[in-house]
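**Student:** First the structure, which I've put down as structure tokens, then a few questions once you've had a look.
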Amino acid sequence: LKKFNSYDPNHIPVKAKINVTVICSCGNSQISKDFGLFVTYPLRSDDTLAKIATKADLDEGLLQNFNQDANFSKGSGIVFIPGRDENGVYVPLPSRKAGHLARSLVAAGICIRGVCMVLLLAICIYVRYFRKKNGEESKLPPEDSMSPSTKDGDKDSYSDTRSKYILVDKSPKFSYKVLANATENFSLAKKIGQGGFGEVYYGVLGGKKVAIKKMKTQATREFLSELKVLTSVRHLNLVHLIGYCVEGFLFLVYEYMENGNLSQHLHNSEKELMTLSRRMKIALDVARGLEYIHDHSVPVYIHRDIKSDNILLNKNFNGKIADFGLTKLTNIANSTDNTNHMAGTFGYMPPENAYGRISRKMDVYAFGVVLYELISAKAAVIMIDKNEFESHEIKTNESTDEYKSLVALFDEVMDQKGDPIEGLRKLVDPRLGDNYSIDSISKMAKLAKACINRDPKQRPKMRDVVVSLMKLISTIDDESRTDSAELSLDVEHDSN
């Protein structure tokens, strides 16, 4: 749990949301037919095969056979332990004498039963410790009733006629005066960002650091979009909306993210270098946020503007998705919708966007571009010198610069015949030096390649991307522990 939650294990806030990864198993008849219900058990540092077998009252060999890829002594990872039902009896696998359909249904029932037990426990914990008070019901007007026809000068009339519609669940309404005081009257010294829909200022409200987005009334549609999304979904990897204001301008108040956005760290050499491990974990954070709005939120949303500028980093470098101004509600029953206009940022938009086709897979495509950015620290659209990658050409005084998408740059390497490793080395962020695993880079690039497939149907779902990144991060963490152990041995040897 520590790996996938940012909280200090000894100081978890009362209303914190904890990410719990649940993986299940339904047994293996080739090993034993006596066990069909399994408990997912996360290994701890002091665990051993013998200790776990003793606790479970099982034979060590049987437990090892059910977890052939597990290393019981390394202190991390997941293993499956045969579990008993509510009567304390091991649940056997269904008999093979039954029909194929019956076997499938029983096996599925066992799996579902096990997962339901875990979910029931989670619900009990939620009700006991994390239940929040019911807030006001969100009330948002039709978009056409929020027409941005009012001029900035009509401050009072705008506020009176529009703000009465915006009663947002758990997001308090602030007055203009309060926000002005928090930002020293929106001083230039407090300005920390400029986006397509407004300016962002740093402020302090009630002793808490906040970021305040100031938007003109022409951005009413985007303002409403952010309100709709961020008041209906809450997730550790989505930026948290604190409140809003409608007085002359439109204001959104967010949690303050101390480390700015991902783009600043990748494309500004003066920023602190991010290790490959940190980059991977930020990618996992973003993938989790997208998985949530794609598959688990009600309703389901498509972000439509995933890019490194819209990935914010808190003081612990945990990644959070921001800027939901272009977000679109999607019909879960229909995988593809149509629109009359393109949305997004060049370099991140998939080919089908040109035809007005939108689906959750467009976010997957943009995420693939972000993965390429994390590897190379290059922008989504870059100006390159062809001689830099074609050393056989003779350099002349003539300019060889050209603009190329990052996707095209990686395609040239990934699609070449033979091993692309050497080509990938040239694309890796030079600031990483030799402090990376080329095998991890290769796996990350292959995942990105799958995400940017020209055929949307061939791109993975974000939940599959999450699983792939979890496995990759686990590999990197294992390598780091091995390197640390070897370094420790070297130091001890030198001291003698």
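Our numbering is plain: 1 for the first residue shown, then up by one each step along the chain.
Cβ coordinates come from backbone N, Cα and C, glycine included.
What you are looking at is a predicted structure, and each value in this text was computed from that prediction instead of being measured.
Okay, these came from TrEMBL:
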type: TRANSMEM; residues: 105-129; note: transmembrane segment
type: REGION; residues: 136-159; note: region 'Disordered'
type: DOMAIN; residues: 186-473; note: domain 'Protein kinase'
type: BINDING; residues: Lys214; note: ATP binding site
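Describe each of these features in terms of where it is and what it packs against.
**Tutor:** Annotation for Lys214 (ATP binding site): same-chain Cβ neighbours under 8 Å, separated by at least 6 residues, are Phe186, Gly198, Glu199, Val200, Tyr201, Phe249, Leu250, Phe251.
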**Student:** Tell me the coarse DSSP state (helix, strand, coil) of Lys214 (ATP binding site).
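**Tutor:** Assignment for Lys214 (ATP binding site) reads strand.
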**Student:** Taking every residue in the domain 'Protein kinase' (186-473), what is their average pLDDT?
**Tutor:** 88
